[in-house]
Amino acid sequence: MDVLDQLGAVKEGKMSRRAFTRSLMAAGVGMATVPLSKMAHASDGDQATYFTWGGYDIPELFGEYQTKNGALPNFAIFGASEEALTKMRGGFVVDVSHPCNQAVPRWAATGLFQSVDVSRLAHGADIIPELTQLEGNQDGDNLWMVPFDWGSTSITYRTDLVELDGEESWDMLWDERYSGRLGSLGAGADAWWVGAIKAGISFDNIDSDEAFEKIAEIMRAQRPHIRVYTDDTTSLEQALASGELVAAMTWNSSAVTLAAEGVPVKFANPKEGALTWVCGLMIHKDAPNVDRAYDVIDSLLSVESGKFMVNDYGYGHSNKNTFDHFDEETLVGLGLSKNPTDILGSGHFQKPQTQEWESKMNALFEQIKAGF
Amino acid sequence: MADATANDAPPGEDRTQTKRSWKARFNQSDTLKGFSLLSPTLFVLIIGIIIPFGILITISLWTAVGFGFDTSLTLNNYQTAAEQPLYGALLSRSLMVSGWATVATVVLSYPMAYYVAFHVHRNKMMWIVLMTLPFWTSYLLRVFAWKVVLGYEGVINSALMGLGLIEAPLEFLLYSTDAVIITLAHAWAAFAILPMYVSLEKIDKSLLEAATDLGDGPVARFLRITLPLSMPGIISACLLIFIPTTGDYITPALLGGPDGLMIGNLIQLQFGPVNNWPMGATLAIILMLTIAAIALVFLVLTKLVKDRLT
């Protein structure tokens, strides 16, 4: 019945006000639930949702998934993995998420994830075992994180603008000569650990009060020289390309991307050692598409994805067969090796820390970034 | 309401009888009518404001422990907020930034509102729509656009270098407090133009004619008639810009650099990486109270202006 007819009916006394209100309410509820019903409808043929860093949301990594499921997975993007965890703790449900190894025990402790059954993965047998066995990834029979990519955090610098003072060193990011033209990743998960390397603190003791003080002092000394702290790697890359920044703390991919565009940059191999990391994939305990979650992981573990990761991002890959497609020289040029333990062992590898440590570190680092 | 209870059930009736008559009474009462009129508003108010605000206050009285909370109520967070210089400094910086952004927006928008109100005679609606056109796109995109405009190799720097006015790009444009103020001033302009346009439009043009007849020049006419009469619009424009910009965090996060952080960023950080929701809630409440206090000042100002005008 049309609303005007109804109004007329009410006026003439043919329809009770209550009946009118009821139909109005029905219309209202209908309107309000349209998006819900649409969502419910859309979800039955839906793709898995992959919650990841910007740059991993690209078709090149999902060839296998696309062939199998006819479309790309849905992507949700985070800027820093702690932000992702917060969002999921707030009720955001995804199928697969992409944290790094040092965060895994804390992530698993939230009870938001299910352990992964490697036998369900087509490429499960090809995973480099050393990466799976890293501290934190496994607990008892549970495998929480399937390793996917690994690499290092170091300094990408403009070879034409930076005059090296001896060897490559983390000192470059504290160099007064380039004050205001240095950049840094914004998350403590990288920057604070680099501070520890610069302060000469072993990662075994990074949780002591003394370590906090020393690192804070180092980070405060750096802050006036930093033009921008950001986890938006595109901003850092653009700033390096334009010469706005002469050096910045980045992951491997920034250097590889910039070099591919002809910008004269080099990814430093600091004498104190780089910061090394392994990231991977975790499945949400309420994942609506568990089968497709495994498809996402399989697709990322495939050799095709691995070739792209090594070639275009300069990251290591967890599928051992990937490296058969590259010669030793190429790998060394990218700062990689067929044996990830060589690389991970030569740098400083992050160790899982408690949630209290993480909160304290982040709070302190945010204060320092704000100038206190 | 007293009338509705007139045919009350006599005492001693059985329970069902009493219940029915109570129901009958309630159904006829003005109270019900009042509530049924109010209820949608009340419902929205409760669901949208009162409950969330209650939750926020409760969380601000808790303490963060790892991933969880210690739910015993304490004012420790407020004490920390008062004691640590960081919070006060960022709050005052936020007030300063949005204060300047408000001034800049109002000063830049006033001529536009004035022009449309007094000098556009046909298609006024089209002009208004044109002024709101930039706001049809996302706020985030507008902020990014400013990043491009102000950037090291951005529009302004390339133009100035192309003209030979500067040799090296100006570095203070991006990643600074100035960048935040400039962006906010543009991003919120529509909220200044519209209320000011409305109050300018309402001005009785015969007053201006009378002033001309009495020998006032354009400047005197503007200062003695147009400006005072448009004051209510200016004040509401100030409110509309000041309140949302104080808590803004996207603009400072993208354009502010290390020195441009505002209290909104700190709140976001507490809820995000720092994982201290109680502290975030505390800061949010402090921000709200500060803004409420300032809004109160504006409201008093509006009243004073209105009293003077009538």
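Note: Cβ is positioned from N, Cα and C throughout, glycine not excepted.
Keep in mind that TrEMBL annotations are predicted by a computer and have not been checked by a curator.
Quick look at what TrEMBL lists:
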REGION    B:1-20  region 'Disordered'
TRANSMEM  B:42-65  transmembrane segment
DOMAIN    B:91-298  domain 'ABC transmembrane type-1'
TRANSMEM  B:97-118  transmembrane segment
TRANSMEM  B:125-145  transmembrane segment
TRANSMEM  B:179-200  transmembrane segment
TRANSMEM  B:221-243  transmembrane segment
TRANSMEM  B:279-301  transmembrane segment
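In summary, the transmembrane segment (B:179-200) does not lie against the transmembrane segment (B:42-65): fewer than three C-beta pairs, each 6 or more positions apart in sequence, are under 8 Å. Here the listed stretches are B:42-65, B:125-145, B:221-243, B:279-301, and the one with the most C-beta pairs under 8 angstroms to the transmembrane segment (B:97-118) is B:221-243. Long-range contacts of the transmembrane segment (B:279-301) within the same chain: residues 56-57, 59-60, 64, 77-78, 80-81, 87, 91, 94-95, 235, 238-239, 242-243, 246-247, 263-264, 266-271, each at least 6 residues beyond the stretch ends and with a Cβ under 8 Å from a Cβ of the stretch.
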